[in-house]
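To start, the structure itself, in structure tokens.
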């Protein structure tokens, strides 16, 4: 029983028991073996008892001593393969340059020399005689004859050059080629500049372990030696040995042990069996074979890279040299051909230039410079290699090294400015670059031409073989190959026909027609204007590249021809329409610029601006008994800020009405963009003006103070509209006496800054039994007006007028009905501020017939549409029509007034006012029995009361 309990406890406490046992063992080991390990001589254990660790660490920290394991050996092999490839290519290009010198043999060619000799023999005497004759003529004719002394000297020089030109050119050739060879090949490395660059930046540890490590060791403290220019090289390899060597080889400890067994081996060779590690607080070394961090040491033992190299220096240097050699080949070949041409041209120049000798000197200089190109190009390449090796010796910043290499490469391609300045020889390789790019472009063009010819041949072969030209896309799927196979084939044929030449011809015809019509309608100036403003779109189209597949069906060809004609006509119509649109746009831009300039200069435009004849502009016609004006929808965008203060006063007087206005002030800043389109037509006996809804965006702040008094108004119509930004001050003074006449309104408009002042005083004097006076006052931001006018004159008619205004909407209907058999007088004065549109409408009708007058004006939120139509029937059947149109930024209003006299009529007017919307309905009916001419003096005269007040 006890045994079972012990076993049960053991299994339940198994985890805790194991942890306790491990803790006890750890404590025992730490207290027992730690002092022993601390007192242990690790240097003796690692075999470093007799080794100067500091010297070994300093030697192994050299940049040329690079430790590599299995992966490091692979990376070194990749770098070596890249360097070998570049060296092989650059060496091949470098070997082409001496081969280009073989083209100098053309100067010794028998054919070229025979050709030059034949030219000299055939032309020498003839040209020489002609030159002598010409000199004689010039001596006789010219005021200053040629200098015969210089002519004689030039003849002697000519004879010497003709006889010794070949020998002179041969000597120049030999000197230039020898100079190039001596500058590009040093006394130590005869394999060229490319191999010299690689040799100076590559080391061989096996070679250095025999000869000494001085070439890679620092000569000064804290100055690592990357390259050495001493007599001892870093390696003893030639170019062939380097190309065959395994650049990923690693020097293992076994190899070092074999080397150290030999005599006269440097002591530093023994250090290569160690690698750098640390003992916890400082760097130390350990033997490579004893390293526990190399799991592949049995199969791939670690060691030091045998062929360490400056990969970046060699890579960029070989790349720059390869580009330079490639361009140099083109430069040398072109220079040799130019020298050969100068050899042919030189004798002709010598004979014809015996007067001054300037051209002879020029030819000799050009030949001399041509040969100097070879010599100085070699010098330029050699200096480049020396500077690259110098940069490799210095321990400089990586960024500065890259900048220096880029500058050196650019200088190598552009050439030395010093050589160009002092010798006049351009040793740059820009011409070679241009020739190379031209050759590449020509090769690409030839390749494209070959492909195009192949496509043409393939298409012609398909056409001649009677093939339908069906493509993979046109082939029906297997699931679609059912009973409708025949219809599918017919659809495929139609598709192929459309994709063939028919569609191409139609497209070409359409584009051609559009281009011709556009050019004919716009002209050269219009086309240039469209191109400058980027308005016109590209009309012409190039014929698409590709295959032209024609099915050969006669019906398809016929349809294609017909379609081509129709497409050409359609293109003409499109071109004409496009030209008209561009012309209209140009006209609108011109008008807009003129209005803007006038507004900036403070010039007020005329009251009746001219509008271009457009099919969308309204036209109003008159008839004797019928008149109706309808306005189509107008849209605009406005941003308005308003502050209005209005105060109106009115009083009731006797039979004669007198209207006096007090000044009203307001400040407005308006920016308008309006697009107006109005149409008008005439209808029955009564005129009705209806405005459709107008939309806009406004931001308005209004402060209004209104006080209105009702009275009588006379009938006289006059409307004046200005631009959007108009400043007017209008003074109207009408005087009507009781002798039975009708007063005239005199209005004067002046522009202010941003203020609107309006005084409206209405008094009604009626011989009937009723008179209505209504005062409407509005607060700062809300306008509410109720106007009720009832007049009973000689009959049973009643007139009602209700004016109601909301907070943000203004609607005004004014209905005035006057039956007057006496004389009335009406005075109205309206003054406007600087940027506000001021409108004066004065209507006077003296009618003895049965006419009726009705006028309705409604305006939307941001767009005002007003049609003004005045018809007067006076003692007969005459009709008067008055239309006022505004400019580009001006509000247009149409007012229709008809007078009905001696009858019974009823007038109803609703006026509603809001802050941001103005809607006005005006209906005026007057029954007048007497007609008199206006006695108001014309504006501008000395008797005019308004002008007199203004002068004061």
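Note that Cβ sites are derived from N, Cα and C of the backbone, with glycine treated the same way.
Cross-referencing 677-696, 697-716, 717-736, 737-756 with Swiss-Prot places the feature region 'Disordered' at 677-696. In Swiss-Prot, the annotation transmembrane segment applies to 371-391, one of the ranges 371-391, 434-454, 455-475, 476-496. When the ranges 54-74, 117-137 are checked against Swiss-Prot, the one recorded as transmembrane segment is 117-137. Among 86-106, 150-170, 371-391, 396-416, 150-170 has the largest number of CB pairs under 8 A with the transmembrane segment (336-356). Ranked by the number of CB pairs under 8 Å to the transmembrane segment (86-106), the listed stretches 314-334, 371-391, 396-416 are led by 314-334.
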